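Undergrad: According to TrEMBL, the NADP(+) binding site annotation covers C:Arg48, C:Arg54. Per TrEMBL, FMN binding site is recorded for C:Arg125, C:Ser126, C:Ser127, C:Asn237, C:Ala238, C:Gly277, C:Lys292, C:Pro293, C:Thr294, C:Ser295, C:Ser296, C:Arg318.
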Number of protein chains: 4
Amino acid sequence: MSGNTIGRFFTLTSFGESHGPALGGIIDGCPPGLLLDETILQRDLDRRRPGTSRYTTQRREPDQVRILSGVFEGVTTGTPIGLLIENVDQKSKDYANIADTFRPGHADYTYQQKYGLRDYRGGGRSSARETAIRVAGGAIARHYLATRGMRIRGYLAQLGPIVLDPVDLDRVDDNPFFCPDPARVGELEDYMNALRKSGDSVGARVTVIATGVPPGLGEPVFDRLDADLAHALMSINAVKGVEIGDGFGCVDAKGTAFRDEITPEGFLSNHAGGVLGGISSGQDIVASIALKPTSSLHLPGRSVNRAGEAVTVRTTGRHDPCVGIRATPIAEAMMALVLMDHYLRHRAQNADVHSATPLIPATPDR
Amino acid sequence: MSGNTIGRFFTLTSFGESHGPALGGIIDGCPPGLLLDETILQRDLDRRRPGTSRYTTQRREPDQVRILSGVFEGVTTGTPIGLLIENVDQKSKDYANIADTFRPGHADYTYQQKYGLRDYRGGGRSSARETAIRVAGGAIARHYLATRGMRIRGYLAQLGPIVLDPVDLDRVDDNPFFCPDPARVGELEDYMNALRKSGDSVGARVTVIATGVPPGLGEPVFDRLDADLAHALMSINAVKGVEIGDGFGCVDAKGTAFRDEITPEGFLSNHAGGVLGGISSGQDIVASIALKPTSSLHLPGRSVNRAGEAVTVRTTGRHDPCVGIRATPIAEAMMALVLMDHYLRHRAQNADVHSATPLIPATPDR
Amino acid sequence: MSGNTIGRFFTLTSFGESHGPALGGIIDGCPPGLLLDETILQRDLDRRRPGTSRYTTQRREPDQVRILSGVFEGVTTGTPIGLLIENVDQKSKDYANIADTFRPGHADYTYQQKYGLRDYRGGGRSSARETAIRVAGGAIARHYLATRGMRIRGYLAQLGPIVLDPVDLDRVDDNPFFCPDPARVGELEDYMNALRKSGDSVGARVTVIATGVPPGLGEPVFDRLDADLAHALMSINAVKGVEIGDGFGCVDAKGTAFRDEITPEGFLSNHAGGVLGGISSGQDIVASIALKPTSSLHLPGRSVNRAGEAVTVRTTGRHDPCVGIRATPIAEAMMALVLMDHYLRHRAQNADVHSATPLIPATPDR
Amino acid sequence: MSGNTIGRFFTLTSFGESHGPALGGIIDGCPPGLLLDETILQRDLDRRRPGTSRYTTQRREPDQVRILSGVFEGVTTGTPIGLLIENVDQKSKDYANIADTFRPGHADYTYQQKYGLRDYRGGGRSSARETAIRVAGGAIARHYLATRGMRIRGYLAQLGPIVLDPVDLDRVDDNPFFCPDPARVGELEDYMNALRKSGDSVGARVTVIATGVPPGLGEPVFDRLDADLAHALMSINAVKGVEIGDGFGCVDAKGTAFRDEITPEGFLSNHAGGVLGGISSGQDIVASIALKPTSSLHLPGRSVNRAGEAVTVRTTGRHDPCVGIRATPIAEAMMALVLMDHYLRHRAQNADVHSATPLIPATPDR
């Protein structure tokens, strides 16, 4: 319980269901004096927004966010920032047929078992619609971090069988897939068109990179930077795996190759993904997530109803055939929230430390 | 800061360095009335203990744990349980040569940058020696969970290139590798002998499974069961990746295959690893971790010293050539801590819920 | 920072300024299945509402609360409950003159020093207007506790020199002072009329009592029930002291008189205020608070401006001449939040304990 | 549950029972680079230590504290500091007779009801012996604060009917009562001798003052500095009331007199006790506590046993006839812990704020 808050120093507390009147959240702990208005949040919200391409859900939500407190005369005051996004395009009738049925691969059954009841409309609280507030809150963190030279960028690293290289991160926002390789956007379009025709869905992999992160962020031994990133990223709907740096690639690696050697000019590699002993090293922070294929399918699936009887489920509502497509801004937001929290944590304890130039220059991966 | 506590309702707070006088910890929130004495903790500690085979570090620590509070006349009282393990086999002189040098792949550089100073003896707080207290605390959680029918078991799933199947989990403790396939222990021995001769190290993969977990554990939206598992497992030294269920295997999967269909007799598969929407489904909870190869190597590596000058580092102290070998009991402990925390959290909020038999029978994977 | 959340298992996170667009909050951790709608919250909000008598501020706020999530088909779902109260009667121009001046006895100077800037309109976040959300959130806790037989009632125990006895707690809501002695309401009216004419303000004392609280709530050693009550009550604007039971009356008491002796029929007295060793005893929980006189006065006072120059301050805006008058519902709300939190905490750890009838019957004070 | 940690950024987690093998604790979040060794902690421990005068319990405990981690080469490293104090003079047999009886005014009954069992030896976890670790942990906070110009000093302000003025705070440690008026120590001795002869006990009042606290510490709206002080001080055994500044004296005060007017030379008074809107003002922080008379008395009292039968209780063990006498170092420690926590919290969020000289000079009360 009380699991709807993330962070310890810079916290986001969130509320809202897929088909309730509104989503909302509270950012607590934002430093005062930060220039902030709704347009800064809206920029990221628009990147996550549904209904903007034919490859995602057709639910049309303007996702217009309002700042209700914590900002005065255009700057943050240090007091909590209230955020509100009204739901506009709820179509509750679409979901009446699943009130008594547990969709396979969804949280229907687990919410019912946990709480004894559930808001079945669009998955209620378990809907990925909730992530809109993460993006809004994350945008504040991101905006602050940018004033400290930190930049967070994500991209689609794999869509089903299609592996994508980070050819040009500046072009990620130019296509609806957050594809970092402009030459392969057509391939993705073809794949998604065929997928939609088949009625099936597919998984994806998203990578997020933070540059400009100073060495020293992260706390031993439980609240390591990588552990908190794993928590934040795994909390995104549909995520089944998290990697830092090379991740599972380290299993069959040798120490001589994996340990990132150091020279006076910088690190020679970044297999570790910018984290050593749970603390940032000054290199790029690199994290990847695996997103499972959407379970909402037009193709029938076996399940049971509340009486425990066998039923066949076929989703008729709107959905994303690949939730990974819209996941990039969400993953960026979660990384921003974690870095912001650790930036303040580090500063609280170590403001006395002589904060000289890092001994080793940052050597970004790209 | 203040990152040395894990859990919210059932908490472990830990202290201690590799070469300090002792490691210790406090378990807070343990229900009263649990039969408990040191032998229950010692069982798990002995499984993690160094120096018991030729394949791990030769540091010889008895890892004898003392319970200093919270137990009266053989049962827990509900008050905090103080734990203490004295360090016996510290050889500080072994480490004098690294006082001014940052070993590549280690936390030497990041601790120095974070705090402006560091206890360089054996890595200080960043040493995996700290995990002894995790195992001790986790043993209490595990012991309580067992009284509620939950069982947690781990095994070595991959050592470098050698992939191991869970042929017989009851035999995992019969060999120094936690290998679940008795027929392949010789192969592991040969591999490790050759590895040691080469002076290099290798990564590993460990899988942990919890059976008997009731549906309903886990909190939306941030403190999901899988998110908290990811946090806890990623906080283990050397871990670079966490998977729930099929993990990254979902990236190239189709929704029709991945969604675990349900019948009145139970789930038909467990690709999700027992978690749906962040809440346990009643199936086995399955998590895997990737452990990087040890960075302490007899083979020389490039690095810098505190003056920023190029140096060559060669580790002469004792170390594990594959930290993954001893990681199984630690991963089990971390899963136990998370499940215990969520068991109490769930109970706090939902004790009013009619707690009948789950609608769908548990269908363990094996 | 991040100080805008109270509670650990049942939490209220709040936002909003006196003259911003809205106040809001999130209740996290409410058990599912509780019948709830806005009317239940509105009842308590209306008791706190300004502008309802001539003895309090003339700001007219309907304080209409909206529930934005966490309730489905009339019952709570276990997910977070979003609350929103729009500000309607802000008159920002009233406050323009204090933008550069620090009102004595107010938070103007401390906010400026802390944050380097402040929302000066009506005190911004430091305004007691923020307590509306406490009352809304507390009403949910109170409503749940009532279903478990717990009842929380407060009253005005002293207004300036006028000490009031709890003659009839059922009549407290019949007068604008929350006076528990109907015969003395006229005396209070006369006092307040004279006070207002003088332009001065006065302090007050409010007492809150919880009946029906089972023994066992409260945690050793820091999060004692009385310690958490002290925290919650001292966090109310203008409160300068908190007492449990006899409070400061114990300083000159003897142990033979003060220790509450026990008989098979119940406790013989309740000097301790229902808490022993930080844990509820089954007796009434009794707490009192001291509220300072309002610092906003029409009478001139010395202060400085942002340039550090001496100025004379005279408040012209609307204010309460005795903030204690409207404090009763707020104090009740805070006690409800604390009891709710501890009820769930106790249940999490001790659900295994055979929860028989308490050995000693509850012997309410009245 | 999990109530044995205090603080959010600088935390003390504690364990230990009156008659267990040891007390211990963990300080997490201490900044690195602080010169620290056991003598600094021992100084405060010796001031609290039992058995040093005839006016307190005759239990003889050396209260020798060991630092087990977090300090390397004489300075803190930023990692958690483990603390251990072995119990030496437990006489368990003294308490066998209360195993089945609930001493009136003690936590015996409430622990039994909460947990279903209890460590009855000397009150177990509810014993004030636990406060030794608070003093040890508080000494670290205090030591750090001193390096930042903050000083915390307490004194006995009232013993039963004897009210003491802070005539000379530098003489407080010269007598066993922490009496701030050297001329009246004899009066206190006579009173205590007569009290002991009577077999009764008496209450006390202790005041603690922090000087040199910069403006800006404390968080709106729940974690105000005064609210956190109230929590910390009320968590001390036997405390029944907490006041900030004038405390309950404000109830019958007028606003014109109570609001502390400001001039360019400083505040003209300090009725508020150094806190405005929950945030420190730069004035002295002043807090007072009421301590109830000890309930352990040689004079018989009525109670019940575990079977619910009426019994007569007479305490034969060692005890303090006035727990207030030894409370001064404990109250100082708790104030130090709270100030330290808020110092770091403030720094985390507001390090960007131009931290110039406070506008108004600090005007200490004395």
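Glycine is treated like the rest: Cβ placed from N, Cα and C.
Quick one: how deep are these features, and who are their neighbours?
TA: Contacts of C:Arg48 (NADP(+) binding site) defined by a Cβ separation under 8 A and a same-chain sequence distance of 6+ are given as C:Asp63, C:Thr131, C:Ala132, C:Val135, C:Arg326, C:Pro329, C:Ile330, in order along the sequence.
Counting every protein chain shown, the number of other Cβ atoms lying within 10 Å of the Cβ of C:Ser296 (FMN binding site) is 27.
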Undergrad: Where does C:Ser296 (FMN binding site) sit in the DSSP three-state scheme?
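TA: Once the DSSP labels are grouped into three classes, C:Ser296 (FMN binding site) ends up as coil.
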Undergrad: Which one of the binding-site residues (C:Ser127, C:Thr294) has its C-beta surrounded by the most other C-beta atoms within 10 angstroms?
TA: C:Thr294
Undergrad: Provide the list of binding-site residues among C:Arg48, C:Arg125, C:Ser127, C:Thr294, C:Ser296 whose C-beta sits under 8 Å from chain A at the C-beta level, in sequence order; use 'none' for an empty result.
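TA: Sorted by position along the sequence, the hits are C:Arg125.
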Undergrad: Closest of the binding-site residues to C:Arg54 (NADP(+) binding site), Cα to Cα, picking from C:Arg125, C:Ser127, C:Ala238, C:Lys292, C:Thr294?
TA: C:Thr294
Undergrad: I want to verify one value. Collapsing DSSP to three states, which class is C:Ser127 (FMN binding site)?
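TA: Going by the DSSP assignment, C:Ser127 (FMN binding site) belongs to neither helix nor strand, so it counts as coil.
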Undergrad: For C:Arg54 (NADP(+) binding site), just give me the three-state DSSP call.
TA: coil
Undergrad: Given binding-site residues C:Arg48, C:Arg54, C:Arg125, C:Ser127, which are under 8 Å from chain D when comparing Cβ atoms?
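TA: In terms of proximity to chain D, the binding-site residues that count are C:Arg125, given in sequence order.
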Undergrad: Can you tell me how many other Cβ atoms are located within 10 Å of the Cβ belonging to C:Ala238 (FMN binding site)?
TA: 22
Undergrad: Using a 10 Å radius around each Cβ and counting other Cβ atoms from all shown chains, which of the binding-site residues C:Arg54, C:Arg125 yields the largest count?
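TA: Compared across C:Arg54, C:Arg125, the most Cβ atoms within 10 Å surround C:Arg125.
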Undergrad: Tell me the Cβ contacts of C:Lys292 (FMN binding site) under 8 Å, same chain only and six or more apart in sequence, or just say none.
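TA: The answer is C:Gly105, C:Gly203, C:Ala238, C:Val239, C:Lys240, C:Val323.
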Undergrad: For C:Arg48 (NADP(+) binding site), which of the three DSSP-derived states applies: helix, strand, or coil?
TA: helix
